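Annotated features, as they stand in Swiss-Prot:
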type    : residues                                 : note
BINDING : G109, I129, G130, D131, Y132, V133, L134 : S-adenosyl-L-methionine binding site
Amino acid sequence: MEIEILSLFPDYFDSPLRSSILGKAIKNGLLKIQSRDIRDFGLGKWKQVDDAPFNNDGMLLMAEPVVQAIRHIKRSDSRVIHLSPQGKPLTAQKSRELAKCSHLIFLCGHYEGIDERALESEVDEEISIGDYVLTNGGIAALVVIDALSRFIPGVLGNQESAEKDSLENGLLEGPQYTRPRVFEGKEVPEVLLQGDHQAVARWRKQVSLDRTRERRPDLYIRYLYDRENEEVFPREEDTKQSTLEGESAVVLEVEDLQRSRKFYSKMFRLNQPSKDKLQIPGRTQMVLHLQEVGLKNKNTAILSLRLDCEDDFFSFLGRWKMLGGTLEQADDHGTVRLVRDFDGHQWTISYKKVK
């Protein structure tokens, strides 16, 4: 793969590209990376590349030098990327896609940015590495290059490690441990020491789910949404199997039994609910067992519900809010929503995607 970086400070990249894994990849011919100075295409005797923007403060990179720089190195197989907080977020999937390109051009902004006409004319896509502003786009370019390089065969000593790293399956990676078994009184989880590979795999998956749900709810709801046909269950301690009816039964510890029964009866439009057992309609065959525990600390449950269509989805959310529940984080497309009831039990509500 060939990568070219357009920047006002081409020397900025020298040290990172000589070091560590990227340096080895370049040395071994797996990557060819060159940084170029936009000032080489500046205007006039003084190679001017920036000017004051109309009706604004600061300085802006001019359209002509940027366009000339891009066209000078652009090929038929080139993909031009502008690093900007206005771009789409960098993800593992995007890194995989970029790793398949043969020639990438990274355009690094400086000052107040770049004249919009240059972007409209020459840029194929904009990528953001986060919701914050940097002193220059060079840092972002290095982040993207590092992320995509992991998916180029031969760059990593063990390509399998790239597939197992955090976020590659849509979830955060769980904790890792090495020797000694006990450090300052903290022990390595026993399951990792028993040699049961299936038990370890189950433990890692559960810890990964829990950590993602707690630390990155945005990733968690995206994970649930992207895996439409995969069952994602509540945590084991919150779920039991009904031997009589063979249905998924979830125990919800509540402060006020009457209040919670009224809330869920109205939410799911149940005409004659029993005192503490609510049968949720639909194909899920879920039964909620309400257990009154008063003001003591409750074990909160994590549940998911997929509705048949968009109208049902928004109707459900409207009822939830009207009845006193809280609406929390939504995914980027608004098709998945986290909600909570009076007692803090969390539901992931989504609807089926139209194929």
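Just so you know, glycine gets a Cβ as well, placed from its N, Cα and C.
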Just going by other Cβ atoms within 10 Å, which of the binding-site residues I129, V133, L134 has the emptiest spot? V133
Using a 10 Å cut-off, grab the number of neighbouring Cβ atoms around the Cβ of G109 (S-adenosyl-L-methionine binding site), all chains included. 23
So if I draw a 10 Å sphere around the Cβ of G130 (S-adenosyl-L-methionine binding site), how many other Cβ atoms end up inside it? 11
